[in-house]
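Undergrad: Taken from TrEMBL, the feature domain 'Glycosyltransferase 2-like' applies to B:187-380. Per TrEMBL, signal peptide is recorded for B:1-31. The annotation transmembrane segment is assigned in TrEMBL to B:50-71, B:362-385, B:409-429, B:450-467, B:498-516, B:523-543.
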Amino acid sequence: MSAERIIDPETAHAVEAMHWAPPVAPLEMPRQMLEAPRREGVLAWLVRLLRPLQHG
Amino acid sequence: MARVPFPDIRTLALRAAALGFAALAASSAAALLAEASTQDGLHGWDVVRTALIFITTAWLAWGAAGAFVGLPPRRRRAERPPLLLPQPPTVVLVPVCNEDPVTTFARIAAMDGSIRAAGLTVDIAVLSDTRDDIAAARERDAFARLLAETGGAGRLFYRRRNDNRGRKAGNIEEFIRTSGAAYRFAVILDADSLMEGETIRQLIARMQADPKLGLLQTLPKIIGAHSLFGRAMQFSAAFHAPVFARGLARMQGATGPFWGHNAIVRVNAFAESCGLPALSGPPPFGGHIYSHDYVEAALLARAGWKVELDETIGGSFEEGPDNILAHARRDRRWCQGNLQHARLLSTPGLAPWSRFVFVQGIFAYVAPLFWGAFLVASIAATVTAPPPDYFPEPYQLFPVFPSDRTKEIITLAIGIVGLLLLPKLAILWSAGRSGRAQGFGGRARATGSVLTEIVLSSLLAPLMLMYQSRAVLQVLSGRDGGWPANQRGEGRLSPGQGLVAGFWILAAGVLSLAVVRMIAPELTVWLLPICLPMMAAPLLIWATSHPLAQTLFTVPEETDPSPVIRAFHRWHARWTTSSTETFDAVA
């Protein structure tokens, strides 16, 4: 692999070798909860309250 | 481990003292203004401007309190535990995005040499988010050369993401998801960071010595500045920042700051607590988290990990913007990031201090709007004030002249200016006494530098106020600033560029002064310290981007550069002189 040559962007991928990549050693990174679950509005609450009546 | 670290008594006492000082200063300012402005009776505008002076003074006093808390030196230097063998696997992460590859990889070559000289076995991974294929090709070419000349295969790594989701935070997250289990510690840097191998050794040892420490932040010194603006910032970061940072460290305790780079993290702690989701809704308030570092620090603390800042750790460097425009561009991004934190104030489980830090970050950007509102309210109060009544009583023989309250107003102005200047002057006095001023060219030169920096920052303050106000209004109106790449290196501006960039500030200054002169001429003189620098904005933007006052603003890293800085210059010179054509040929 010669670093001195002038690189041709069309074939630049050719210089990238597998050993350039960091080691493969996966680690889980769970998504954190940042936003509290949205509180439903009064209207949604009323609708839910009325739902059993609608179903008889 | 899931308990937010509880602050100790000392930390709580310092926080209470600083908050008390801010409240006292704000109350005194509000009382003075209320007394002076209600001589002719209480009016609506008087209430508004008294409330505004309370808020703005509290903010200034809070900043000053941080310096006063940091002024006393540490009684004993922070622990320097030895490195325990076998040395835990550690990686240095260098996220890059459209950077100059020659400069970036010269830094990596210098750090690699310094790490090996320190007897460490540490990998360095370049995490590229560069979108442009030609720029990426140049990166690959520079990396191939780096490997060839350092023999770094197997310890120096390079990978480029196909999509740069989550920007820098996403870039690091992708590395941890793919390679995190291979390392116990990760030193996170920026593309313009430099760190001594000995510093990395200290950081690893500190993490080994305290298994609850999730993140240790260093205070990077700014290096490589050329212009008047850049060198003033470089001086300020070296001379004033350690004291402010010590105050911050004392007040934040174990819920300390993370500034996104020049810090070491415990990889498993970071992985288990810092997977950031995108916020609901579109940018600027929704989408990916802009200022991820503050959030990651808060999340580490939420998970029970300690986050600490140690300003005494040396050998940690970064570069800064070399002109006002580059500074304003970076500040626009930080503004959006900090305002976005408003969405996270109610995040479940955060330490109260982490929420306070979010509020503080938000206030740092909205404070100029409060100052602007105070000026407007003061003008309105003067314009709408009733005319003086010289004969308030019927059949009064002698006139009653309105009492002159200039004394109270001048006292108030001196108090506010004092809050701005006193911390810097106290730091100068302390540096003179402790001998720290020697590194800044001796007492006389350090004094000249501090005074010049005060004058320069006073001249630039109205410009910064305008840029920050514009940024806040843009974000509040829903404009996403995107993620422009940092502009590094030489930042000299032409007079034309200064005029184009500063014309809107000039126009605002002229208009403000003309309006005030027309409707409240007695206030004209009070507005001159703000309006005159605004009217000189193009000149200031242009002039401060040039290398003026080179004899001032001396910093220790200029007179006696750290070995890693010298090594960086050697690598950079070697690559730029031997193969400029090589790298430029593809551009």
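Note: Cβ is positioned from N, Cα and C throughout, glycine not excepted.
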Undergrad: Would you kindly list the residues that approach the transmembrane segment (B:50-71) from elsewhere in its chain, counting only those six or more residues past its ends and only Cβ-Cβ distances under 8 Å?
TA: 14, 17-19, 21-27, 29-30, 33-34, 37, 240, 242-251, 360, 363, 367, 370-371, 373-374, 377, 412, 415-416, 419-420, 422-424, 426-427, 430
Undergrad: In the same chain, who gets a Cβ under 8 Å from the signal peptide (B:1-31) while lying at least 6 residues past its ends?
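TA: Residues 50-51, 53-55, 57-62, 64-66, 68-69, 212, 250-255, 301-306, 349-351, 353, 412, 415-416, 419.
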Undergrad: Have the transmembrane segment (B:523-543) and the transmembrane segment (B:409-429) got at least three CB pairs under 8 Å, pairs 6 or more apart in sequence?
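TA: They are not in contact.
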Undergrad: Give the mean pLDDT for the domain 'Glycosyltransferase 2-like' (B:187-380) on the 0 to 100 scale.
TA: 94
Undergrad: The transmembrane segment (B:498-516): which same-chain residues, six or more beyond its ends, come within Cβ distance under 8 Å?
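TA: The answer is 324-325, 379, 462-463, 466, 523-524, 527-528, 530-543, 545.
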Undergrad: At a C-beta cut-off of under 8 Å, are there same-chain residues at least 6 beyond the transmembrane segment (B:409-429) that contact it? List them, or none.
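TA: Residues 25, 28-29, 32-33, 36, 53, 57, 60-61, 63-64, 67-68, 71, 239-240, 243-244, 437, 446-447, 450, 453-454.
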Undergrad: Apart from its near flanks, which chain residues at least 6 from the ends of the transmembrane segment (B:362-385) lie with a Cβ under 8 angstroms of it?
TA: 37, 40, 43, 45-46, 48-49, 52-53, 55-56, 59, 334-335, 338-339, 341-342, 464-466, 468-469, 471-473, 516, 519-520, 522-523, 527, 530
